[in-house]
Amino acid sequence: MSKLRVAVLGAKGRIGSEAVRAVGAAADMELVAALGRGDRLETLVESGAQVAVELTTPASVVGNLDFCVRHGIHAVVGTTGWTDERLAHLRTTLEASPETGVLIAPNFSIGAVLTMTFAAKAARWFESVEVVELHHPNKADAPSGTATRTAQLIAAARAEAGCAPQPDATVTALEGARGADVDGVPVHAVRLRGLLAHQEVLLGGEGETLTLRHDSLHHSSFMPGILLGVRRVVDTPGLTFGLENYLDLG
Ligand SMILES: NC(=O)C1=CN([C@@H]2O[C@H](COP(=O)(O)OP(=O)(O)OC[C@H]3O[C@@H](n4cnc5c(N)ncnc54)[C@H](OP(=O)(O)O)[C@@H]3O)[C@@H](O)[C@H]2O)C=CC1
Ligand SMILES: O=C(O)C1=N[C@H](C(=O)O)C[C@H](O)C1
């Protein structure tokens, strides 16, 4: 069987360099290009890449994906910064290339995906829910893509179940003290040397709390999800948002 021809964008970055190693070590894949900032995107076409793994920055990702989709190159995207407007633009771009698949995964680690799923399941049963994400201090964006997605899933589950707004008697607060409001769910971002990527979902009800915590201790935690994404995206046209859609979680 022929190997999947894979390129990595953001190949010198923290996660991109790990992805270069993981793709290079996968028996069913061939690393055909490893691009950094300033490298020509045409290399993707010249190298015959079938899938581009996009791990750059929110400022670069949209342009990179436009190029990939226009050239029929499937994409597995970990880069953060996705707004409704950006997703609408991507969907429009994909309409002109209906065979092409794009997976955007706010988090490639299986544990983080499960945490999001469990949090969404639990959210309707508790009066209060807050999200705390904790990352290394070199991270450019806050809150994390994972925390934003977690809060959105929680909010959607609560809305569907008809939950009342969360209790919160705060009248005066220093700006930021109650975190960022993501669809009514407070999200708090910690940046601390020594950390990599961590998240807690705190749920509170009458006389009880439930804490869901996930820790990524090394960038290797994201690799099985990236490799799974590469294998599945070639047979999954259109936009898929969230690795959970590839995990058959039931
Ligand atoms: N979904 C997931 O599971 C994960 C997602 N991420 C996300 O991935 C992104 C990257 O994170 P991280 O590796 O920590 O960040 P880094 O800053 O370490 O890496 C980003 C790399 O992309 C390069 N780059 C910037 N623009 C381009 C471009 N147009 N073409 C090619 N390369 C480019 C940067 O170059 P230069 O340094 O010169 O700017 C840098 O080497 C972030 O959005 C992060 O949140 C991270 C971990 C897991
Ligand atoms: O920048 C990071 O490191 C990470 N970014 C992603 C995010 O913003 O959710 C995924 C993970 O948390 C690591």
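From the backbone N, Cα and C atoms, a Cβ is placed for every residue, glycine too.
Here TrEMBL flags HIS135 as active site, proton donor/acceptor. HIS135 (active site, proton donor/acceptor) counts 22 other C-beta atoms within 10 Å of its own C-beta, drawing on all protein chains shown.
Annotated active site, proton donor per TrEMBL: LYS139, in sequence order. Taking a C-beta cut-off of under 8 Å and a sequence gap of six or more, LYS139 (active site, proton donor) has these contacts in its own chain: ARG191. According to DSSP, LYS139 (active site, proton donor) sits in a coil region rather than a helix or strand.
When Cβ atoms from all protein chains are considered, those within 10 Å of THR80 (NAD(+) binding site) total 21, not counting its own. The NAD(+) binding site feature in TrEMBL is assigned to GLY10, ALA11, LYS12, GLY13, ARG14, ILE15, GLY78, THR79, THR80, ALA105, PRO106, ASN107, PHE108.
For GLY145 ((S)-2,3,4,5-tetrahydrodipicolinate binding site), the same-chain residues lying six or more positions away in sequence with a CB closer than 8 A to its CB are THR80, GLY81, TRP82, PRO106, ASN107. Among the features that TrEMBL reports, (S)-2,3,4,5-tetrahydrodipicolinate binding site is placed at HIS136, GLY145, THR146.
The domain 'Dihydrodipicolinate reductase N-terminal' feature in TrEMBL is assigned to 5-108. Averaged over the domain 'Dihydrodipicolinate reductase N-terminal' (5-108), the predicted model reaches a pLDDT of 98.
The domain 'Dihydrodipicolinate reductase C-terminal' annotation in TrEMBL covers 111-247.
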Anything from the binding-site residues GLY10, LYS12, GLY78, PHE108 with its Cβ under 6 A from ligand 2? List those in sequence order.
none
To the nearest Å, how far is the Cα of THR146 ((S)-2,3,4,5-tetrahydrodipicolinate binding site) from the Cα of LYS12 (NAD(+) binding site)?
22
Additional residues around (S)-2,3,4,5-tetrahydrodipicolinate, ordered along the sequence, whose Cβ is within 8 Å of the centroid of HIS136, GLY145, THR146:
THR80, PRO106, ASN107, GLU133, HIS135, LYS139, ASP141, SER144, ALA147, ALA197
Nonlocal residues around GLY10 (NAD(+) binding site), in sequence order (Cβ under 8 Å, 6 or more apart):
GLY16, LEU35, GLY36, GLU54, LEU55, THR56, THR57, SER60, THR79
When you measure from each Cβ to the nearest atom of ligand 1, which of the binding-site residues ARG14, GLY78, THR80, HIS136, THR146 fall under 6 angstroms?
ARG14, GLY78, THR80
